[in-house]
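Residues annotated as compositional bias 'Basic and acidic residues' in TrEMBL: 444-458. Taken from TrEMBL, the feature region 'Disordered' covers 438-458. Feature annotation from TrEMBL assigns transmembrane segment to 39-57, 69-88, 94-117, 137-160, 199-222, 289-311, 323-341, 347-365, 386-404, 410-429.
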Amino acid sequence: MERNLKNVLVISFGFLLLFTAYGGLQSLQSSLNSEEGLGVASLSVLYAALILSSMFLPPILIKKLGCKWTIAISMCCYIAFSLGNFYASWYTLIPTSVILGLGGAPLWSAKCTYLTIAGTSYAEKAGKNAKDIINQYFGVFFLVFQSSGIWGNLISSLILSQSSTKVEISEEDLECCGAYNCLTDTTNTTASAKPSNSLIYTLLGVYTASGVLAVLLIIIFLDQIKSDQAETEKEKLEAPSFWSTFLATFRHLKDKRQCLLIPLTMYSGFEQGFLSGDYTKVYVTCALGIQYVGYVMICFAAVNSLCSLLFGKISQFTGRKLLFALATVTNIACIIALLLWKPHPKQLAVFFVFPALWGLADAVWQTQTNGLYGILFEKHKEAAFANYRLWESLGFVIAFGYSTKLQAYVKLYILLSVLVLSMVTYGAVEYLEAKSSPGTPAATKKENGGPHSQETHM
């Protein structure tokens, strides 16, 4: 096997193992650690730490440690979060969430840097176009990585469904589920239906082991980038000073189009935060039990993955406006239906319809918003994508931050309002683009989410 491809596969499977654990844990936080909103508070803190991390840490760590060791050490930050869940309290989960958030940005930056150097190196040897090889390597990476959402949630569902204490949820308790949920501590049934400690420890043990395997895989099998190749990349990292890169992110806000895209970018964080923090808790766990959370999120991950692939291919024919319209209509229909629906165990299929439709819409938000940033800000991509990460992460922070303070129907109205505002400001961006270049509408250009589309998923 060609050596560079071997390294790409090592990174891909390392990330698969790591995010199998993290993805499963994130989906369960609001249900597993529901006391005083600890689970969603930890996620809010995590994304706040990620914002700080993405501004400061990646260039420093990659320059000092190189890509291989930055990846390995950052992965250990994720393992710390799994360990914090063994004894979930404000004193364990919040610090480990900060650690994970700080490790998140260097992990993704080092991965992108490594794959880019590996692709360029192979292209030089083989006399091929570097961009083609780099795209191919990222394609292999995301093909493997995307399935992590399926495996992580499958593990949690299989383990948690072993619970011997199957509790019948009374009609009275079901009244507390759905949009007009009771804000009292997650309803009696959720507490009584919580799996035994031994099952939770088994699940956390599997997740921790998965993270440890990921680190070992990187340390043992990933080649360190040759010093001459790494030097070139270090020079690129050093070229803009630390503060100039930091300030460039905010200077980029002078661009009117960037300001108009802030609501759309934040909406991406809001809608993902609602699904993993609220839908799983007040609809699924409340009416069916925590063991169904994994199956529901598998449905979301599978549809999201397939649609991301599909929309990446068809966007060149349909243009992005049509896809944004499809996602908007789908999300609005889901929000209205969630406001009206009273979840009941007898309607099992409906619990899966919502995440499937949400996955379809989210695939558009991820691929097309990234594509839009890449096309609009081609000359200032670094500052543009730093803004993307900043505003999407802020959306997550806010969504998880108010998760335990408001009833679900209020959060759905907030989602609806932000979505409508996003489409108005996005329409303004398209209008400005059409006005500035009437001969070449941006929609006819090929749009592709590229390697950035998953970075903010942590």
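Cβ from N, Cα, C; glycine included.
Listed by sequence, the residues of this chain that lie at least six past the ends of the transmembrane segment (410-429) yet keep a Cβ under 8 A from its Cβ atoms are 179, 257, 260-264, 266-267, 270-271, 274, 278, 324, 328, 331-332, 335, 338-339, 372, 376, 399, 402-403. 39-57 is the stretch from 39-57, 137-160, 199-222 with the greatest number of Cβ pairs below 8 Å to the transmembrane segment (386-404). Scored by C-beta pairs under 8 angstroms, the transmembrane segment (39-57) has its highest count with 94-117, from the stretches 69-88, 94-117, 289-311, 323-341, 347-365.
Taking residue pairs at least 6 apart in sequence, the transmembrane segment (69-88) and the transmembrane segment (289-311) share fewer than three C-beta contacts under 8 angstroms. Same-chain residues lying 6 or more positions outside the transmembrane segment (347-365) and placing a CB less than 8 Å from one of its CB atoms are 264, 267-268, 271-272, 275, 279, 283-284, 287-288, 292, 295-297, 299-308, 310-311, 323-324, 326-328, 330-331, 333-334, 337-338, 341. With a cut-off of 8 Å between Cβ atoms, the residues of this chain six or more beyond the transmembrane segment (94-117) that come close are 7-8, 11, 15, 22, 41-43, 45-54, 57-59, 61-62, 67-68, 70-71, 73-78, 80-81, 83-85, 134, 137-138, 141, 225, 229-230, 232-233, 389, 451, 455, 458.
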